[in-house]
C-alpha cells in the first residue's frame, strides 16, 4: 500500500507543478504576462484540486504508517488493496469537491474591470480586484471551509505520529 500511495503522491505533485510552470514558460518566451478568464479558471481549479488532494493523501499516508508501526499484525486486514483504493478515491473526491466549490465561488462574482489577469498565475485576490462587488463574505466562507479541511488533515497527521512515537 505504501507504494500505491507514493505513486498517487507523485502524480499529484506532477499535476500541481504542471498547472503553473507551462504558462510561466510560455509567458517568458513571448514576453506576455496576461492569462485569459477561462485559463485562470482552469488553473485555479487544477491547482486547488492538486493541493487539496495532496493534503488528504498525506493524511492517508500517515494513517498507513500508524497501522504499519502500531498494529503490524492487523496491517493486511486493515489496509488491503480495496481499502487503499477506497481511501485514495475519498481523497481525490474530497479534493475535487473542494476545488469545484472554490472555483465556482470565485468565478461567480461579476467582473467590471475586464477579465484578464496581468500575471501568469491566477490568484484569487487579483480576481477580486476585477470585481464590481464586495465579495469578502464569499471569500471568508471559502477560507473557513478550506481551513477546516486543512486543519482536519493536520490534526490527523499529528495524532498518527504521536501514536507512532508513543509506540516506539
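Cβ from N, Cα, C; glycine included.
A TrEMBL annotation is a machine prediction, not a hand-curated record.
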Fill in the blank from the handout: Among 83-101, 102-120, TrEMBL lists transmembrane segment at 83-101
Completion exercise
In TrEMBL, of the candidate ranges 20-41, 42-63, the one given as transmembrane segment runs 42-63
Handout entry: Cβ contacts under 8 Å made by the transmembrane segment (42-63) with residues that lie 6+ beyond its boundaries
Key = 2, 5-6, 8-9, 12-13, 15-16, 19-20, 23, 35, 87-88, 90-92, 94-96, 98-100, 102-103, 106-107, 121-122, 124, 146, 149-150, 153, 156-157, 160-161
Problem - Intrachain residues whose Cβ lies under 8 Å of the signal peptide (1-17), provided they are six or more past its termini - result: 46-47, 49-51, 53-54, 57-58, 60-61, 64, 68, 79, 81, 84, 88, 91
